[in-house]
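Written below as structure tokens is the structure these notes are about.
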Amino acid sequence: MDILNAVVAILNFVVIPAAAYGAQLALGALGVTLIYGILRFSNFAHGDTMAFGTAVTILATWGLQALGITLGPLPTALLALPIGIAATAVMALATDRAVYRFYRAQKAKPIIFVMASVGVMFLMNGLTRLLIGVDQQNFADGERFIINVRDFREMTGLKEGLALKTTQGLTIVIAVIVVWALFRFLNRTKSGKAMRAYSDNEDLALLSGIDPEKVVRMTWIIAAALATIAGTLYGLDKAFKPFNYFQILLPIFAAAIVGGLGNPVGAIAGGFLVAFSEVAVTYPWLKIAGYIFPDWQPGGLLQLLGTEYKFAVSFVILIVVLLFRPTGLFRGKSV
Amino acid sequence: MSTNRQAASASVWRAPVLFAILATLFILEGTVRNGMFSGSWNTSLAMLNMGLISAVTALGVNMQWGYAGLFNVGVVGFLALGGLAPVLISTQPVEGAWEAGVPRVLIALAMAVGTLALAAQLRKRLPKWRGLAVTAVLIAGFIVYRWLFDPAVTAIESNNPARHGNIGGLGLPVLLSWAVGGVFAAAAAWAVGKVALGLRSDYLAIATLGIGEIIVAVLKNEDWLARGVKNVTTIPRPVPFEIELQRNPEFLELANSWGMAASTASGIWVKLCYMLLFLVVLLSIILLAELALKSPWGRMMRAIRDNETAAEAMGKDVTARHLQVFILGSAVIGIAGAMMITLDGLMAPVGYNPLRYTFLIWVMVIVGGSGNNWGAVLGAVLIWFLWIKAEIWGPQLIALLTSPMPDGNLKAHLLDSAAHMRFIAMGLVLLLVLRFAPRGLVPEK
């Protein structure tokens with residue numbers, strides 16, 4: 001019985017939150033990895049693109065709510081998501097046109113692109129603040145739980161409860177659908193194949209008549225969509241605060257690099273690896289140890305690191321992986 | 001960037017004229033009172049002082065980027081680490097902290113460093129079973145470290161937590177702590193450089209971004225060290241307090257002869273003292289940097305930056321030189337961090353926001369002219385001026401733009417959030433400079 005309690009506790013406090021967080025990171029890292037694969041630079045503005053997309057989605061959600069349109073048990077934000085994606089895609093295409101295209105034509109060094117992306121980051125950050133302010137916004141509505149603690153306890157008779165929030169369930173389901181659609185697009189459609197060809201070998205792709213500007217446009221639209229979806233899911237699951245999206249950049253980069261920059265499968269694996277390590281390292285294991293070894297009385301909480309050091313975990317994983325496999329676990333690119 | 005021809009066309013008068021314009025801005029700020037300027041010398045000098053500290057930071061970044069092409073995005077971390085020095089060096093010792101567990105903390109930290117060194121050595125030396133041995137050493141080291149460290153921290157933090165709860169300082173002069181701040185940052189840079197400098201540019205950027213975040217997280221959360229978010233407020237000053245000056249009859253006479261109120265005059269006097277101190281630091285760093293650049297060492301650094309492969313073929317040790325300049329640049333950033341905490345008289349880790357302390361510094365270096373020390377200084381003071389002024393000019397611009405609009409929620413919202421205009425302004429400045437003057441206002445010669 002105690003083993004069962006321990007399993008439920010692990011599911012509740014580690015597996016479910018880490019899976020949801022990992023899915024959000026994976027979607028973010030996919031965007032970063034796509035930009036790196038096609039445009040060949042690390043996009044520092046990705047976190048703020050997520051924030052911008054989410055802010056538009058929130059405004060649209062409020063608009064829909066004001067019109068009395070809701071999705072019943074599901075959050076209204078899902079209905080607003082396409083509006084957010086469209087706005088972010090337009091924004092991404094506009095920045096590409098105004099900023100990055102010039103450097104592409106010049107064949108500037110990747111580091112110049114990175115710096116330009118810092119400028120874009122400032123702009124996006126300012127725009128998001130202008131749009132929605134700096135305060136925390138809650139925009140989740142609908143049903144809060146798929147399974148709540150009390151029902152679970154009554155159902156199973158266990159001491160330990162299990163909660164599955166709607167947002168966590170949704171995150172995982174949506175992430176699976178998005179990833180499936182993305183891989184289908186990349187592997188099956190002509191445009192997707194063109195993107196992969198361009199990413200693998202630019203010159204060869206140009207020779208075979210692939211229009212590079214079209215590939216770039218497609219990349220920005222997909223990256224904008226991924227960023228908006230990831231940002232909205234993160235905002236629904238935790239809470240929306242523009243500055244958090246800047247901070248989430250580090251685990252997202254870590255995930256993309258650990259997996260191998262430019263490699264979509266790697267981005268997903270990296271996202272989950274980072275998320276599970278973050279949660280596992282900062283979770284106090286005392287309760288679970290109590291179930292498994294009822295007679296053992298350890299001195300502390302059995303927490304490897306304080307929760308405040310979540311970012312440190314992603315960074316340590318990053319360094320360790322880079323030391324042993326400089327291009328990531330799944331053999332990414334190095335320009 | 002070296003392919004740009006802009007430098008050839010730049011006139012020798014360019015830098016002096018730009019500096020004169022900058023000086024005019026500060027004089028206007030001090031003398032003219034209207035919607036644009038405050039007309040207060042106190043405000044003007046306060047801005048200038050922070051601008052000078054930013055200039056020192058920008059010089060450090062410029063050493064790393066302009067001389068060596070290293071993209072360090074962890075500036076905020078090195079600044080914060082430098083800021084730790086005034087707390088640990090110059091605040092008064094905390095009674096009972098030593099007995100509570102300072103030795104044990106020091107032993108624990110030494111143990112941690114020893115473990116890492118042992119693991120690194122094992123990894124280098126062992127022919128077989130490397131991974132296993134290194135992992136075992138690290139895990140064992142971590143357990144011993146926590147066993148030593150945790151009780152000591154608990155004891156220190158429960159030692160008079162309302163007033164102290166940290167290990168306190170050594171009570172040494174605050175000016176000494178500026179140098180120590182540089183040493184702290186240099187030590188961290190050595191550690192970071194050892195693991196991260198083998199990485200390519202983008203990877204290095206992300207690695208330093210992580211380091212910056214971690215250092216700030218440590219300062220926020222390790223209460224035993226610098227009280228964390230409870231802040232340290234008792235940092236001594238190298239200059240007199242305004243209130244002391246106002247009680248000093250000689251100073252009152254001086255203020256009278258200036259024709260100023262004692263409160264205004266004392267504020268200006270204190271700020272002038274700080275300005276002198278900062279100028280001494282700034283100019284000495286520039287002098288040393290210029291001398292270094294004109295030496296064979298400087299030529300080698302630029303050769304490495306412009307063509308790593310060729311420099312390596314000439315027998316230059318690129319990784320070692322990169323590590324060296326990374327440490328030097330970070331040390332300068334650390335000094336700036338210590339100066340900043342001394343000026344504020346306050347250590348508040350929550351304030352270390354990377355947008356302000358990493359990316360804004362980068363805007364300064366790029367706008368000023370990467371690779372040129374005077375350019376970095378000009379860019380730093382100018383951008384700092386604009387950053388402060390954007391908060392005042394932005395809302396006025398928005399008010400002007402929205403004046404034809406009917407009153408309503410949208411107008412109110414726009415007016416409310418106009419303060420965020422500064423981010424948009426900084427982004428635009430950076431993008432415009434990168435595009436139209438990629439070598440900055442005062443390009444490298």
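The chain as shown is numbered from 1 upward.
Cβ coordinates are placed from backbone N, Cα and C, and glycine is handled just like the others.
Feature annotations, reproduced from TrEMBL:
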- A:6-39: transmembrane segment (TRANSMEM)
- A:51-71: transmembrane segment (TRANSMEM)
- A:77-99: transmembrane segment (TRANSMEM)
- A:111-132: transmembrane segment (TRANSMEM)
- A:168-186: transmembrane segment (TRANSMEM)
- A:215-236: transmembrane segment (TRANSMEM)
- A:242-261: transmembrane segment (TRANSMEM)
- A:268-286: transmembrane segment (TRANSMEM)
- A:306-324: transmembrane segment (TRANSMEM)
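Contact between the transmembrane segment (A:51-71) and the transmembrane segment (A:6-39) does not hold: fewer than three of their C-beta pairs are under 8 Å, each pair 6 or more apart in sequence. Highest Cβ pair count under 8 Å relative to the transmembrane segment (A:215-236), across stretches A:77-99, A:111-132, A:168-186, A:242-261, A:306-324: A:77-99.
Taking every listed stretch (A:111-132, A:168-186, A:242-261) in turn, the largest tally of C-beta pairs under 8 A with the transmembrane segment (A:306-324) is reached by A:242-261. Through the fold, the transmembrane segment (A:168-186) approaches residues 16-17, 19-20, 23-24, 26-27, 30, 74-75, 78, 146, 192-193, 195-196, 222, 226, 229, 233, 236-237, 264, 268 of its own chain, all at least 6 residues removed from its boundaries and within a Cβ separation under 8 Å.
Beyond the transmembrane segment (A:242-261), the same-chain residues lying 6 or more positions past its ends with a Cβ under 8 Å from any Cβ of the stretch are 25-26, 28-29, 32-33, 36-37, 42, 44, 46-48, 50-51, 54-55, 121, 125, 128-129, 132, 134, 231, 234, 267-271, 273-275, 278, 310-311, 314-315, 317-318, 321-322, 327-334.
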